[in-house]
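What Swiss-Prot says about this one:
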type: BINDING; residues: Tyr9, Asn49, Asp76, Gly116, Leu117, His118, Gly119, Val120, Gly121, Ala122, Lys340; note: ATP binding site
type: COMPBIAS; residues: 387-397; note: compositional bias 'Basic and acidic residues'
type: REGION; residues: 387-419; note: region 'Disordered'
type: DOMAIN; residues: 423-537; note: domain 'Toprim'
type: BINDING; residues: Glu429, Asp502; note: Mg(2+) 1 binding site
type: SITE; residues: Lys454; note: site 'Interaction with DNA'
type: SITE; residues: Asn457; note: site 'Interaction with DNA'
type: BINDING; residues: Asp502, Asp504; note: Mg(2+) 2 binding site
type: SITE; residues: His509; note: site 'Interaction with DNA'
type: SITE; residues: Arg625; note: site 'Interaction with DNA'
Amino acid sequence: MARKQQFDYNEDAIQVLEGLEAVRKRPGMYIGSTDARGLHHLVYEIVDNSVDEVLAGHGDHIIVKIHKDNSISVQDRGRGMPTGMHKLGKPTPEVILTVLHAGGKFGQGGYKTSGGLHGVGASVVNALSEWLTVTIERDGFVYQQRFENGGKPVTSLEKIGKTKKTGTLTHFKPDPTMFSTTTYNFETLSERLRESAFLLKGLKIELIDERNDQREVFYYENGIEAFVAYLNEEKDVLSEVVSFEGEHHSIEVDFAFQFNDGYSENILSFVNNVRTKDGGTHESGAKTAMTRAFNEYARKVALLKEKDKNLEGTDIREGLSAIISVRIPEELLQFEGQTKGKLGTSEARSAVDAIVSEQLAYFLEENRDTATLLVKKAIKASQAREAARKAREEARSGKKRKKSEATLSGKLTPAGSRNPAKNELYLVEGDSAGGSAKQGRDRRFQAVLPLRGKVINTEKAKLADIFKNEEINTIIHAIGGGVGADFSIDDINYDKIIIMTDADTDGAHIQVLLLTFFYRYMKPLIEHGKVFIALPPLYKVSKGSGKKEIIEYAWSDEEMGDVLKKVGKGYTIQRYKGLGEMNADQLWETTMNPESRTLVRVKIDDAARVERRVTTLMGDKVEPRRKWIEKNVAFGLDEESNILENENLSVAEEV
């Protein structure tokens with residue numbers, strides 16, 4: 001996609017909106033959270049500024065370093081921050097780094113399209129840093145300024161040398177008093193930086209970890225074509241990667257896709273290089289265009305007869321991996337909702353539709369073998385969906401209702417309330433724990449479904465086999481929102497679906513099988529934050545007996561130390577191996593009572609990463625899984641690790 005330079009980037013292009021004091025008081029408002037996610041977000045803010053320079057046609061190389069002290073430096077070869085005096089009476093870099101919303105992307109400033117959609121930028125990074133140093137190469141000189149203690153300038157902007165280069169180097173150390181962790185994860189950064197490199201053809205991003213001499217270079221000549229190939233790397237594909245690009249009413253569009261033999265679709269969309277996780281008008285434009293083009297082609301070559309209904313979009317997109325990347329000028333940019341996760345610009349729909357329609361119709365004509373294969377696959381998907389719909393309707397109309405009710409009646413213990421907004425469904429491993437859960441639950445709003453048999457691995461199985469699996473069928477009926485393309489979040493019977501298993505490897509396996517099913521066939525459940533993992537305690541510490549007995553619980557070895565101090569000498573420790581070892585009262589108190597339980601909400605943070613992990617770890621190819629395990633799993637004699645030790649967890653109170 002063409003990069004364009006349209007505006008001057010100088011002191012006058014820097015516009016100021018408000019002061020910086022609020023950031024340290026409410027960091028979550030600016031970076032989302034103060035856990036590992038927020039910590040890594042600081043890096044993305046600085047990198048996105050460098051990417052904006054590349055987008056504007058300046059520089060094509062960014063170097064990100066994790067230093068030994070967990071400080072971060074980001075070096076680009078853009079124009080360098082403007083170094084003159086700003087109209088506020090301070091050097092411009094000081095304004096950029098100390099005033100919130102001061103930057104070249106506000107107003108029609110230094111950038112035509114900018115990725116800093118959240119618009120907080122360098123000043124917020126400075127506010128949340130122990131120290132930050134900016135080094136600028138511009139106009140033949142090297143300039144430097146240092147800030148400490150949350151963005152206070154300790155030097156003015158100083159000339160420290162001469163240079164023939166241009167660019168900006170930002171070096172900062174996150175403030176440990178602001179973050180729950182200040183240790184950077186190489187893998188987390190590399191996934192996001194890889195994404196930035198995919199989206200800009202020819203951009204080279206280097207990630208260097210000085211703590212352990214790791215280094216990765218991301219550079220993709222084919223841009224989003226390489227991104228699609230990366231998503232499908234471990235899948236069996238049915239076509240080459242196809243890509244289209246074009247411009248329509250000043251909106252630039254990049255679209256690439258490839259089909260695999262799986263059953264789910266995976267579309268990732270971006271606006272000005274920033275992910276739109278909830279889709280929007282650009283996604284709808286691409287979907288509409290694909291549906292129209294495939295139907296027109298199918299009729300033209302008589303794969304669909306006159307009497308046949310048109311293929312639905314979901315049938316056509318079965319097995320599709322696609323990337324949509326649009327660049328929209330600031331004056332046209334509109335989002336729905338606060339989080340900017342969904343594009344609202346109506347012009348984007350017609351731009352994407354026009355470009356994809358025209359080029360896809362041409363592609364199908366020119367590649368008849370591939371086109372016919374894909375249309376036949378869609379027809380098969382349509383037939384399977386129709387059969388599933390009939391089966392569901394028969395179940396609803398009563399022909400098979402008795403059977404579906406029987407499937408549930410022996411297993412599901414329903415909640416007393418009929419209010420889906422309050423009700424919770426516990427999926428419990430095994431009958432004995434299921435029995436305790438039924439006795440211990442709050443009958444008003446908690447339903448319990450014990451899982452007796454083996455849950456099928458839905459990543460490997462065909463749709464027909466999945467519906468033959470009794471456990472999966474029972475779960476589908478209990479949740480009540482349908483399944484696959486017909487799933488509707490509005491029809492579900494519960495506000496929380498809670499997976500409760502033993503704290504051992506078998507329990508973890510059941511969790512993963514259920515999560516794979518929800519991810520593939522009820523993804524909106526996860527996207528809307530309805531899926532949770534219950535955390536039963538690992539230890540019970542007791543002292544005394546009868547009415548004087550003191551009982552405390554610990555969820556981790558760390559917590560155990562505090563509990564032992566609290567109980568005092570003469571204690572007895574019990575290590576729980578399974579839920580069945582707890583009686584109903586204990587299970588209620590530790591794992592089911594909303595006042596005292598701990599739940600882990602399942603979220604999708606990085607869609608591309610999740611897609612690849614599910615394919616690698618749950619798919620039918622053994623080799624990629626073996627390689628991943630060799631690279632990422634340390635085998636030892638230690639007890640299995642606790643889920644609470646995962647650095648990607650963020651903590652929130654239950655409401």
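First residue shown is number 1, and so on along the chain.
Glycine too: its Cβ is placed from the backbone N, Cα and C atoms.
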Pairwise CA distance, Arg625 (site 'Interaction with DNA') versus Asp76 (ATP binding site), rounded so that it is a whole Å: 36
Of the recorded positions listed as Gly121, Glu429, Asp502, Asp504, His509, the one whose CA lies nearest the CA of Asn457 (site 'Interaction with DNA'): His509
Cα separation, Glu429 (Mg(2+) 1 binding site) to Lys454 (site 'Interaction with DNA') (Å, whole number): 10
Other CB atoms, at most 10 A from the CB of Lys454 (site 'Interaction with DNA'): 12
Asp76 (ATP binding site) in three-state DSSP notation: strand
Three-state secondary structure, Glu429 (Mg(2+) 1 binding site) (per DSSP): strand
Nearest recorded site to Gly121 (ATP binding site) by CA-CA distance, among recorded positions Asp502, Asp504, His509: His509
Spatial separation of His509 (site 'Interaction with DNA') from Asp502 (Mg(2+) 1 binding site) - C-alpha basis, Å: 10
Cβ-Cβ neighbours of Asn457 (site 'Interaction with DNA') (radius 10 Å): 17
Packing count at Asp76 (ATP binding site) (other Cβ atoms within 10 Å of its Cβ): 27
Entry from the binding-site residues list Glu429, Asp502, Asp504 having the most other CB atoms no farther than 10 A: Glu429
Greatest C-beta neighbour count within 10 angstroms, which of the recorded positions Gly121, His509, Arg625: Gly121
